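Q: Have a look at this one before I ask anything.
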Amino acid sequence: MSSKKLTCVCIAFFLVLCASVRLEAQLQVGFYTSSCAIAEFVVKDEVRKAYMSDMGLAAGLVRMHFHDCFVRAGGLGYDVPAGRRDGRVSLASEANTNLPSPASNVNQLTQIFGNKGLTQEEMVTLSGAHTIGRAHCTSFSPRLYNFNTTTNQDPTLDSQYASQLKQKCPQGSTNTNLVVPMDPSSPNVMDVGYYNDILANRGLFTSDQTLLTNSATANQVNQNAMNTFVWGSKFAAAMVKMGQIGVLTGGAGEVRLNCRKIN
């Protein structure tokens, strides 16, 4: 992707996804109405064009939203309060420290999200972002070949699905670029396929399948699996709330000229 297109897409991401509550964070829907009335239209169009040329971009933008909103403090549409500024610090190490790992259990997930002011239900809802995108084999291969001292394969993983994953992620492979869809039934569509996968013991990560080990989170998985529109509404609300975390406004932060580096 060219530098110009990447810049447009990054700017687009923060306008379209990084939401917040206007009263506390000085953000508002229509933030650019006076300064640049067509800004959101231009952004949306740039994201659409970039997505059509690389569908994997959608998952990357969601990941970026988690990093910007969670760490430093595809088919769904919703009003996004805008005006969020960029931070002056961007460290990959912070993402690894603050974001849940693919091996997280339900208690760890609940605590990590709770530390950011998000409820357990919102954690389950936001986990549905795994309905799009792809994962590197290295992020889940221990479930296939080296689960624990008594069994090589995670017993909670559907055996047929495990066999399919092993074909795509052979043991001992040195190719670090091997990837598989996180939601094999509809990897490019924001839907509830992710939750149906979990119910079929086809959650790709331990952090996905663990949602069935707790009665409250399992109930949420079942509810979300039944209705895309209900889950979509909850997902939008949770994204807006997550965008409220660690907002920089006024003189704090900056508006980056190049989204890949501080000014």
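Every residue, even glycine, has its Cβ placed from backbone N, Cα and C.
Relevant sequence annotations retrieved from TrEMBL are reproduced here:
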- PRO100: substrate binding site (BINDING)
- HIS130: heme b binding site (BINDING)
- THR131, ASP183, ASP191: Ca(2+) binding site (BINDING)
- CYS137-CYS169: disulfide bond (DISULFID)
- 59-263: domain 'Plant heme peroxidase family profile' (DOMAIN)
- 1-25: signal peptide (SIGNAL)
Q: Take the Cβ of the residue listed as 'heme b binding site' and count every other Cβ within 10 Å, whichever protein chain it belongs to.
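A: Excluding its own Cβ, the number within 10 Å is 24.
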Q: Only counting partners 6 or more residues apart, tell me which same-chain residues put their Cβ under 8 Å from the Cβ of THR131 (Ca(2+) binding site).
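A: Result: MET182, ASP183, SER186, VAL189, MET190, ASP191, VAL192, GLY193, TYR194.
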Q: Once the chains shown are all counted, how many other Cβ atoms turn up within 10 Å of the Cβ of CYS137 (disulfide bond)?
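A: By my count, 20.
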Q: If I restrict to non-local contacts, at least six residues apart, and a C-beta distance under 8 angstroms, what lies near CYS169 (disulfide bond) in its own chain?
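A: CYS169 (disulfide bond) has long-range Cβ partners CYS137, PHE140, SER141, LEU144, LEU178, VAL180.
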Q: Could you state the whole-number distance in Å separating the C-alpha atoms of PRO100 (substrate binding site) and HIS130 (heme b binding site)?
A: 13
Q: Let's check the environment of ASP183 (Ca(2+) binding site): how many other CB atoms sit within 10 Å of its CB?
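A: Excluding its own Cβ, ASP183 (Ca(2+) binding site) sees 26 Cβ atoms within 10 Å.
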